[in-house]
Amino acid sequence: VKINGICSLFPAGQLNLMEPGNNTRILEFLLLGFSEGPELQPITFGLFLSMYLIAVLGNLLIILVVSSASHLHTPMYFFLANLSFVDNCVTSTTVPKMLWNIQTQSKVITYAGCITQMNFFIIFSGLDIYLLTVMAYDRFVAICHPLHYMVIMNPRLCGRLVLVSWVTSVLHSLLQTSMVLRLSLCTEVEIPHFFCELNRMIQLACSDTFFNNLVMYLAAMLMAGGPFIGILYSYSKIVSSICGISSAQGKYKAFSTCASHLSVVSLFYCTGLGVYLSSAATQSSHSSATASVMYTVITPMLNPFIYSLRNKDIKEALMRFSGMVAIKGPIVLGLKNFP
């Protein structure tokens, strides 16, 4: 195919272009994934399908348990249920398309599908950051101002914090998406990733991407760096308050209330930083795609285990919930067989 003096050869069916006037518009992209051989495709499919199902079922179980257990209707678990919902959305935005492409032996994603996937991924990854920050603030109020906790963290404030997180993430996503839509794309339609990432989309452009890169990095500093500073400030105050507790049992109890959240924050930011450093150091698309699995699949999969294994209330609620399901099963079957 020869366009604007540039020659590019693609196998039949892999390149779809539309030419309105003098502008060339790409209608399809190729998601290269991990570029593994055909013999590894079944293993990759099984591995990602298993991780996806574990992540979805684990987070869904957290949501059901928090909703059904009345003693978990507190700000801390309200934010946890929202985090589990967003984690499910993150994995569902990227993994199903990859699994479908492996199953159908196709790497094609439409232009509209790519933009949509990128848009929703930006929204839900931003929500992850904001919710972790809100949860850090919740733990700060609970430990540093325990007598005023229920007054400060009232249902109205909790709802507003989640709403502001949604609005900010959506606006940020719309800004980034609209700037990508203005770019003139080259005839290179291969994306060396398993989903349509913002940075990869910008790299496909033939036009000037200075403002896109500027906005992308400024947004990363504000939306990731700002909340991270807020989390560090909250935990510095928490550590200071815990050190002021005289009894060892009191210190352990205070720390245990935020240990799960601290583990999730560490996992999220460490994997994100690892992806950034590996991409900058190796400049390898394959290693970058592999590292991205950490925060798109593995982190959402591990979060339910971290909260359920390190949280006594969640473990007790899970046991009660599983007991209720086990009791309701025979009752329902008995009612169906009742004449």
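Just so you know, the numbers here start at 1 and follow the chain as drawn.
Any Cβ shown, glycine's included, is placed from N, Cα and C.
Keep in mind that TrEMBL annotations are predicted by a computer and have not been checked by a curator.
The transmembrane segment annotation in TrEMBL covers 43-65 (among others).
For 58-307, the entry in TrEMBL reads domain 'G-protein coupled receptors family 1 profile'. Mean pLDDT of the predicted structure over the domain 'G-protein coupled receptors family 1 profile' (58-307): 88.
According to TrEMBL, the transmembrane segment annotation covers 77-96 (among others).
The transmembrane segment annotation in TrEMBL covers 108-137 (among others).
Sequence annotations record features per position, and here TrEMBL assigns transmembrane segment to 157-175 (among others).
Tertiary neighbourhood of the transmembrane segment (214-233): same-chain residues 126, 129-130, 132-133, 136-137, 168, 172, 175-176, 179, 198-199, 202, 265, 269, 272, selected by CB-CB distance under 8 Å and a gap of 6+ residues from either end. Per TrEMBL, the feature transmembrane segment maps to 214-233 (among others).
Summarising the annotation, TrEMBL assigns transmembrane segment to 254-277 (among others).
Annotation comment: TrEMBL describes 289-309 (among others) as transmembrane segment.
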